[in-house]
Every structure is written in C-alpha cells, then in structure tokens.
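What follows is a single structure, written as structure tokens, with notes after it.
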C-alpha cells in the first residue's frame with residue numbers, strides 16, 4: 001500500500017480508502033467485517049462512513065453502516081492506526097423528513113449528529129468529520145444548471161464552521177472536510193477560517209471518475225494552490241465502468257438492478273462512453289475496473305481513491321488496481337474518448 005500526507009494536517013492516508021455505503025443494505029454485518037478485515041490487512045487505513053449510510057437511505061436502516069463499523073472497531077482493537085472519516089448530513093434534498101426534524105447545519109444538529117456517530121462507531125473521536133453536502137441549494141448529486149436564488153441560506157457557512165471548530169477544540173474531531181462542494185464553497189470556507197481564526201478544511205470528497213471529470217474544472221486548481229485535496233468517490237460510477245450493465249444487462253444483486261431510482265449513470269451517452277472505455281481496457285489486456293481506478297489514483301489532486309464493493313472478489317480486484325500504472329498509449333486513448341463523451345454523468 002502507498003500512503004499520502006494530506007496538506008495542513010498530520011493525516012497520512014492510504015491512497016486507496018474503503019467506502020462503506022452498502023454496509024447495512026447490500027452487505028450484511030458479516031460481509032462488512034470481512035471487507036474491513038481484508039482491506040486493513042492490505043494496508044488500507046482510511047475508512048469512510050456517514051451518519052446517513054447505508055444508501056439508499058431509509059429510516060429503518062439509517063446508521064447501520066456506522067454501527068457495523070463500530071462493532072468491528074470494538075473487536076479489532078487498533079483504533080489509533082486507522083483514519084475514521086464520517087459525515088454530517090445537510091438538509092434533505094428530496095422533500096422527506098431527513099434524519100432529524102430540522103436538519104440544518106447548525107450547532108444543535110451538528111452536536112446531535114456527532115454524538116450519535118461517535119456512539120455508533122464506539123470511539124471518542126473522528127479523524128475527519130465532513131459536511132456531507134451544502135446547506136445552500138447548489139449543484140451536486142448530478143444536478144445540471146444553476147438555480148439562481150436571492151435568499152441566503154438559513155445557516156451560514158460561518159455558523160457551520162464555528163460549530164465544527166467547537167468540537168475540534170473539544171477533541172472529538174481532529175480535522176474538518178467537506179463533500180459534494182463547489183469551488184465557491186471551498187474558497188468561502190478557507191476565507192472564513194483565515195478571517196475568524198477557525199480551523200481550515202483539509203479535504204473535499206466529491207465524485208470523480210472517467211464518467212465525471214468535472215473536478216478538473218475549477219476545483220483542481222483550488223486543490224493545487226490551497227492544498228485541499230480530493231477523496232474521490234463513485235470512481236466506478238456505481239459499478240458502471242466495469243461494463244456489467246452494457247447492452248441492457250441487469251446483473252442479479254447489482255446496485256442499478258436493485259435500485260432503479262439511481263439513473264445518474266444510465267444515460268445513453270454514459271453507456272456509449274462506458275463501451276468505449278471498456279474496449280480500451282480489453283484491447284490492452286486490462287481489467288476495466290482497475291483501469292478506471294488507476295486513472296483516478298494517478299491524478300495529482302487525489303489524496304485517496306475510495307473503493308466500494310459488494311463482494312470480496314470486487315474488493316480484491318479493486319485493491320489490485322494499486323499495482324497498475326497506465327501506459328501513455330492507454331492514457332492517450334482515454335483522452336480521445338473524453339473529447340467525444342465529456343462529462344456524460346456529472
């Protein structure tokens with residue numbers, strides 16, 4: 001395994017991290033513990049969870065992911081060797097009730113969310129606590145176009161950052177990060193930290209893959225000059241980049257087979273792009289998933305590539321991508337496809 005020091009922090013993360021959003025839905029607790037055992041044995045030290053997980057979110061399963069990981073941590077006994085990252089949910093974006101009646105990113109809700117996450121995870125602190133998505137209405141989760149609004153968010157970024165700072169001072173959070181953020185949001189957090197002597201955010205967790213390279217426009221430059229590096233998620237586009245959904249295939253137990261609401265990676269242009277990328281991989285004797293993950297890992301703004309798997313075979317294949325370095329010929333062919341199918345699944 002390779003490791004990377006995140007700027008402006010003492011966090012040294014494995015360049016592959018373990019994503020967990022299937023724990024409690026597609027994966028049982030026994031499955032989850034087996035994945036954790038294997039990942040850690042391979043040198044992975046970054047485990048990413050969220051109070052909302054598993055996905056798709058349901059009241060009856062909310063928090064199970066953290067519970068499963070917490071039970072494993074209690075049994076494993078090496079908490080200090082691991083980097084545990086969790087997330088506080090923002091306001092509901094689907095007009096449902098959310099986790100709490102008033103799911104604003106204010107002091108009250110952050111206090112409650114953090115308390116519950118620590119309890120489920122059976123730990124006294126989090127190495128990284130991330131704002132899962134912004135309080136304000138903005139572009140994330142595949143939203144296209146920008147909806148102009150004259151109203152200010154009910155809770156300002158300063159209020160959110162000040163609340164997070166309180167729990168950092170209390171020793172319950174080591175570092176702060178954001179997720180599903182924009183260049184404006186990242187720069188605003190950094191400006192407020194400097195102006196008010198508050199802790200700066202050290203990471204951003206956004207989607208990044210061959211199907212969604214929008215991070216390269218704006219946020220990559222912020223990452224380079226401000227040192228806020230990417231924890232890349234959805235690097236296989238819900239498994240789409242493996243090619244398993246091509247030609248209308250619906251593999252039993254696969255995420256897009258089970259949950260038809262997830263259409264982000266199902267569009268016609270996306271399928272054409274996937275077919276082209278899979279063709280590149282096969283012509284060069286590469287596993288399509290490993291090629292896609294190796295492309296993400298090689299980007300200079302990526303601190304860690306988060307892996308998601310529902311089977312041990314998938315996890316093993318994904319971790320093996322660590323040993324793959326893409327040739328100049330492969331990279332040139334990838335860029336040629338990107339020129340034709342640019343951001344088919346933002």
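Glycine is no exception: its Cβ is also placed from the backbone N, Cα and C atoms.
Per Swiss-Prot, the feature active site, proton donor maps to 53. The annotation NADP(+) binding site is assigned in Swiss-Prot to 234, 235, 236, 237, 238, 239, 240, 241, 242, 243, 244 on the grounds of experimental evidence.
Known features from Swiss-Prot, placed on the structure.
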residue : record                    : Cβ within 10 Å
53      : active site, proton donor : 27
234     : NADP(+) binding site      : 24
236     : NADP(+) binding site      : 24
238     : NADP(+) binding site      : 21
240     : NADP(+) binding site      : 28
242     : NADP(+) binding site      : 23
244     : NADP(+) binding site      : 18
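In this structure, the C-alpha atom of residue 234 (NADP(+) binding site) lies 15 angstrom from that of residue 53 (active site, proton donor).
Classification of residue 242 (NADP(+) binding site) by DSSP places it within a helix. Under DSSP, residue 236 (NADP(+) binding site) is assigned to coil, being neither helix nor strand in the three-state scheme.
Taking the C-alpha positions, the distance from residue 53 (active site, proton donor) to residue 240 (NADP(+) binding site) comes to 21 Å.
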